[in-house]
Amino acid sequence: MYYFYSPEMFAPYQWGLERDVSYAYMPYNSFYYGDYINSLPYAYIPQNYEVQMKADDRGSWTPFSWVEKYAYAFSGPYNKAEVALTFDDGPDLEFTPKILDKLKQHNVKATFFLLGENAEKFPNIVKRIANEGHVIGNHTYSHPNLAKVNEDEYRNQIIKTEEILNRLAGYAPKFIRPPYGEILENQLKWATEQNFMIVQWSVDTVDWKGVSADTITNNVLGNSFPGSVILQHSTPGGHLQGSVDALDKIIPQLKTKGARFVTLPSMFQTSKERK
């Protein structure tokens, strides 16, 4: 039997409505089957809450037990009216500064998952992110699919980036987000043993498609719930103006609904540093 779990949300679902939004594998707003969990590729929820899964879909499922076994999460506590804005792939010289300006305007702190190669190119932007009170996370050095690299390359991607960010931001980030949301169990095990925490997302704005501010706003407002981790991007150039502009709508409207914007260390009650 499949079960749909949906905590009280800031904005109720419109049952049966398809939105341009996708999810990482996540523990809330998902369909469960035994020890496995799967989220729909789009937020299409039938009115009777039932989904017919094909047998071959099982190959793409992630064991839900990983969330319990390792320092691994998709969203925060659903009993707190908190949401976290997160931005991947930066920094750059065009959109990251615009995002920082918007966050400062709205007095909101966020978490930026940075690529090591981009941090090397734009060190002053890394320093600005840190100096303005935002949290920096590790998004690997060159954005590989970690599920397709060997163990040595995986560790090198993380440690090399950590060294760069430590030098520029003044601390070694605790938080990792794997590119594409892809990670293997042995990689999770190593990261947990090294005192990292891996955080995916529960709401994907799909801003990388170059969609409009209104589409992004509808994606976020229609799918956010207490504990939501919202995924946006601060790079690549040429596609993200809609994501920047959407912040002027997302932030005040979620605040009006009672949401507090927090960083990931605050949401998970831990340090921003790997110690």
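From the backbone N, Cα and C atoms, a Cβ is placed for every residue, glycine too.
The Cβ of D88 (active site, proton acceptor) has F113, H139, R177, L231, Q232, H233, S234 as same-chain neighbours under 8 Å, each 6 or more residues away in sequence. Taken from Swiss-Prot, the feature active site, proton acceptor applies to D88.
The secondary structure of H233 (active site, proton donor), as reduced to three states from DSSP, is extended strand. Of all Cβ atoms in the protein chains displayed, 22 besides its own lie within 10 Å of the Cβ of H233 (active site, proton donor). Among the features that Swiss-Prot reports, active site, proton donor is placed at H233.
Of all the Cβ atoms in the protein chains shown, 18 others lie within 10 Å of the Cβ of H143 (Zn(2+) binding site). The DSSP secondary structure for H143 (Zn(2+) binding site) is coil. Annotated Zn(2+) binding site per Swiss-Prot: D89, H139, H143, in sequence order, evidence recorded as experimental evidence.
The domain 'NodB homology' annotation in Swiss-Prot covers 81-262.
P179 (2-hydroxyproline) carries a helical DSSP state (H, G or I). Annotation comment: Swiss-Prot describes P179 as 2-hydroxyproline.
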Nearest-integer angstrom distance between the alpha carbons (Cα) of P179 (2-hydroxyproline) and H143 (Zn(2+) binding site): 6
Residues close to Zn(2+) site centre defined by D89, H139, H143, Cβ within 8 Å: D88, G90, F113, L114, L115, N118, T140, P179, T235
Model confidence over the domain 'NodB homology' (81-262), averaged pLDDT: 97
